[in-house]
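Asker: One structure is given below, represented as structure tokens, and several questions about it will come after.
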Amino acid sequence: MKVFPADQFNLMPVTTIKAWLTHTEDIFDTTQSGAATYGVVPFENSTNGSVVFTLDNFADRLNLYGDLNVCREIYLDVHHYLVGHIAPQSPAPHPPSSAPMNDISSSTPTSVNAYVQESGVDEEAGGSGQRGKTKRSRPSHPISHVRRVYSHPQAFGQCTEFMGSWLRGIETVDVSSTSRAAELVLADSTGESAAISSATAAAQLGLDVLAQNIEDRDDNKTRFFVLRKGVDGGAGAFAPTTSTNASPTALNTERNDGDDGDDGDAELLSSTKSLLSFTVSHRSPGALADVLSCFRRGGLNLTSINSRPSLAGTAAFEYIFFVEFEGHRFQDPRGRVAHVLEEVASVARTSRWLGSWENMAK
């Protein structure tokens, strides 16, 4: 909302990122068709990694989104809540200190109905690697009645410690979004379903918050990409206002010692990013290394590498690769980015520029 103020933009919710899975209109379709000026999609999470639904649409195996490119990145803090219905006539959530730790509810063998000391760690985890279940991550109400939890796969991946500690063995159901998960809980008249969703969704639907801030890490963040159709005549400009940012870990490649190391040029490169997809011949030894060497020779720093199955032809286990690198296609006074893009095109089987934008992690 900070990037797209409601008084300046008509906000259009759509069902999902990935139309070919759900057969519904998605963000990529809506932006490609021109029905929306911008589309916002999650690209990666600091805890659970890349969002494969977004990568699959960037792979564009059916050539549906040839006009779309990334023009902005947004970093947002993400907090997850377990929402549902408080069990009727439930006991007080905090038993006396003499109560045994890790007491398993007899009525629901697969649901952990325990309240441990704030500094304690799940005994079954052996104290190795699991965050202490502090007050921050404890259920605020008993949840032994919960038989089923709905959420998006990314949300489940960001809340593994909570699920393993408090809802071990409970049925989990993947749905298209965390808001859809909350809607399904509302529709369940038994009251035995819960969702990993947001406080906003709980408030809008009248659901109870059973536990808050259940994400594995305090610094849980998601990076979103803003899509648009076309490139504004090559300017690479973006209208909405600036938002807060964060700093993800980068994968560094060695810069060419032959470069003159101009400080101004390095600063310009590091202040922007670009995304490129490419394929290589999987039968040619060193084909992937040849493409990546183009960036080293050009002195462009790689910040992420991803891959998805290409699903092209009859060969299995061949991939489309995605690389992010520092530099901007249209803010390139010395032609470094243009030269690297040309070199990649000459070495790779196929390649496609997918956008350039301001580096919000700088």
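Residue 1 is the first one shown; counting continues down the chain.
Even glycines carry a Cβ here, placed using N, Cα and C.
So TrEMBL says this about it:
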- 1-229: domain 'Prephenate dehydratase' (DOMAIN)
- 89-144: region 'Disordered' (REGION)
- 103-116: compositional bias 'Polar residues' (COMPBIAS)
- 132-144: compositional bias 'Basic residues' (COMPBIAS)
- 237-265: region 'Disordered' (REGION)
- 240-253: compositional bias 'Low complexity' (COMPBIAS)
- 276-356: domain 'ACT' (DOMAIN)
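For each listed feature, how buried is it and what is near it?
Answerer: Taken through DSSP, the domain 'ACT' (276-356) splits into 24 helix, 27 strand, 30 coil.
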Asker: What mean pLDDT does the predicted model reach across the domain 'ACT' (276-356)?
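Answerer: Its mean pLDDT is 95.
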